[in-house]
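Novice: TrEMBL lists these features:
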DOMAIN    18-58  domain 'RING-type'
DOMAIN    101-154  domain 'TRAF-type'
ZN_FING   101-154  zinc finger
DOMAIN    156-208  domain 'TRAF-type'
ZN_FING   156-208  zinc finger
DOMAIN    210-267  domain 'TRAF-type'
ZN_FING   210-267  zinc finger
DOMAIN    307-470  domain 'MATH'
Amino acid sequence: MPGLDLKFLERPRRTFYCTLCEKPMRDPVQVSTCGHRFCDTCLQEYLSEGVFKCPEDQLPLDYAKIFPDVELEKQILSLPIRCIHSEEGCRWIAPNKLLQAHLSVCEFNVVSCPNRCSVKLLRRELPEHLQHDCTKRKLHCDHCGDKFTGEAYENHQDVCPEESVYCENKCGARMVRRLLDQHSVSECPKRKLPCRYCKKEFLYDTIQNHQQQCPCFPMQCSNRCGTPGITRETLMAHVKEGCSTAMMLCPFKEAGCKHRCPKTAVEQHLEEDTNTHLSLLGGLVNRQRLELRELRRAVEELSGSRDGTLLWKFKDFNQRLQQAKSRTSRNLELFSPAFYSHNYGYRLQVSAFPNGNGSGEGSYLSIYIRVLPGEYDGLLEWPFPYRVSFSLLDQSDPAITEPQHITETFNPDPTWKNFQRPRPGALGNVRAGCLDENMLGFGYPKFLSHEEMRKRNYIRDNAIFIKASIDVVQKILNS
């Protein structure tokens with residue numbers, strides 16, 4: 001080993017240092033021919049390289065001229081030092097020669113467990129280790145009395161057959177571990193058992209309640225038809241649909257037939273009462289037609305505008321125009337959704353003839369407005385008094401050119417029949433395309449010619465936009 005690496009209280013004299021390892025000498029030896037001193041190990045390593053010269057003056061060396069320097073070794077061993085574990089907390093200070101004796105009792109020195117468990121630790125930690133942590137310590141079980149090493153004892157603690165434990169099902173029972181399996185299988189009220197009908201698992205103390213509700217529990221038909229294999233979950237369907245003795249209503253019950261008979265007699269009833277059923281179905285169809293009409297009217301009411309403005313997108317304009325010109329369709333007049341002049345106001349509708357009507361037929365777009373029967377007609381002023389404006393909207397891009405909408409406005413004449421209060425149901429067959437002038441609204445047969453419509457983007461993407469507005473505010477201001 002090289003020189004001493006100890007914590008001296010005072011730095012040793014320079015003569016105590018080995019010039020090879022530059023540390024205070026360990027087992028110093030002296031070369032008698034020149035008097036130089038070195039650590040015995042350091043000098044042996046130096047000479048092992050085949051150089052037999054003194055490291056200090058390079059004079060030839062002879063092994064016979066090298067001897068231990070006992071006096072120098074005594075001086076070095078008498079120097080006071082601190083324990084090598086002083087940084088860990090040891091406060092020992094004494095001459096160097098007492099270090100090994102101190103380390104044999106130093107609490108901060110690392111030692112091996114005497115039980116040969118392969119653990120190394122500080123001497124001060126050894127008692128705790130031997131008592132609680134050493135896997136080779138000797139222990140005896142308080143329950144069965146057997147002796148074990150520490151590691152075996154830890155494994156035994158969870159399996160000792162004589163240890164008193166609680167039931168794992170948390171039923172509250174406590175017993176020695178060797179009786180636990182028998183308790184869990186045959187005695188514990190919290191043990192799980194499969195239902196014999198649905199095979200699902202339940203606690204022993206709840207399985208009886210489950211069987212009172214189990215959907216797979218076998219049941220007997222309430223009509224005592226004797227059908228086997230009926231379960232609680234299929235009983236209702238069996239009684240309603242599968243039981244041959246069950247009473248049931250006629251399949252035409254929704255149409256009004258009140259006949260009730262066993263399921264086996266239904267077919268005979270249907271054969272005998274065919275005419276009655278046809279009559280009932282006819283009445284049902286008529287009622288449903290009326291309901292649909294009311295629903296359609298209600299939907300139109302809810303979807304229509306109530307601010308006096310209608311913006312109507314007239315789709316497939318070119319096809320409609322061609323159909324009107326060739327008269328391949330009876331619907332020459334097309335109708336907008338209904339709208340209101342204002343909340344609780346007049347109910348109105350716009351219609352258009354793509355190929356014109358009257359004096360505009362063949363070359364113009366004709367636009368009319370019609371007053372429809374409304375919910376609030378009994379509360380309104382008659383005849384209809386508000387100014388009406390029609391607009392055909394220019395769909396040109398505003399970023400490229402300013403749109404030029406076509407607008408026509410009129411004030412209703414109170415003497416015109418078109419704006420008198422309509423009678424409920426007075427529309428008759430207007431939507432069938434009838435051209436009777438008495439059934440037309442009021443408007444413009446020559447609103448805009450087909451030629452003018454194509455000069456700008458009034459028709460775009462095969463659609464036109466017609467706007468109708470009712471000037472309710474203007475009427476109020478003038479009143």
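Even glycines carry a Cβ here, placed using N, Cα and C.
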Novice: Using a Cβ cut-off under 8 Å, which residues of the same chain at least 6 positions beyond either end of the domain 'RING-type' (18-58) come close to it?
Specialist: 1-6, 8, 12, 65-69, 72-73, 76, 79
Novice: What is the pLDDT of the domain 'MATH' (307-470) when averaged and given as a whole number?
Specialist: 89
Novice: Quick check on the domain 'TRAF-type' (156-208): DSSP residue counts for helix, strand, coil, in that order please.
Specialist: 14 helix, 12 strand, 27 coil
Novice: With DSSP as the yardstick, break the domain 'RING-type' (18-58) down into helix, strand and coil residue counts.
Specialist: 8 helix, 9 strand, 24 coil
